[in-house]
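The transmembrane segment annotation in Swiss-Prot covers 4-24, 38-58, 60-80, 113-133, 141-161, 190-210, 232-252 and rests on sequence analysis.
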Amino acid sequence: MKNLFKGLMMSLSMFTIIPMPYVEWDEDGAKNMMKCYPIIGLIVGCVWFLGYKLINYLNISIVLKSALIMIIPFIITGMLHLDGFMDVCDAILSRRDKEEKLRILKDSTTGAFSVISVIILFFIQFGAVHSFLEYNKNPYILMFLPIISRNIVAYFFITIITIKESTLGSYFTKGTNIKDKVILILELALVCILFGSILGYIGIAILLIVAVAISLCVKKCFKEFGGISGDVAGFSLVVGEIVGLFSACLFT
């Protein structure tokens, strides 16, 4: 239990901007971080949901409301996953060989492809949030999407082989086993039940769409890079969430 709590504290300090007391990082805590990843999603989702509610009450234009609501998940996570999204887009869209793509993936320089990709992402996310406000969509979707995406990404992260250059990815997955996978599956099943109870079959359909989107991202990255990494996880998470948000606009 102590190591699980340490894993949660490490996850909060790593994946959010929430100030946390100092915890010494070690492998015992690191191997529990992925089990806690859905909890990070719950925190992000709750902040997004509450932000949506509060901003929606402001006497400002729907355009400004949409912009403010759109950036909430990026702000609370310190742009961490957005950085991974940009790095992976830069590498894949370069159309180079595998070794060069891996070099681009690790390169801290911001390329043109990453900038173009994030602009497209922002346009789609802005439009989706605008639709949420305009058509009064169920805001609980904003609470559940970060949980669903992180749960699925965490499962793949401890299941798929990590890129050998990804030392951080290996650090998080070292010591994980079948028990961790079972816990993540049970967590996802619980989320599925709760999400389905709110949105019915539509909720289950959105969850499956997100799962397929993330699976395709992981499969593509495995083909391009030979494994998974923190950047790949961030890329898959961002794509999964925007696909889920877009699907919610279409089907709810």
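These residue numbers are counts, starting from 1, taken along the chain as shown.
Placement of Cβ uses the backbone N, Cα and C atoms for every residue, glycine included.
Across 4-24, 38-58, 113-133, 190-210, 232-252, the stretch most heavily in contact with the transmembrane segment (141-161), judged by Cβ pairs under 8 Å, is 38-58.
Between the transmembrane segment (113-133) and the transmembrane segment (60-80) there are 3 or more Cβ pairs closer than 8 Å, counting only residues 6 or more apart in sequence, so the two stretches are in contact.
Sequence-remote contacts of a segment are chain residues at least 6 beyond its ends whose Cβ falls under 8 Å from one of its Cβ atoms, and for the transmembrane segment (190-210) they are 38, 138, 140-141, 144-145, 147-149, 151-152, 240-241, 243-244, 247-248, 251-252. Below 8 angstroms of C-beta separation, residues 30-33, 35-37, 39-40, 43-44, 75-78, 80 of the same chain, each at least six residues beyond the ends of the transmembrane segment (4-24), sit close to that stretch.
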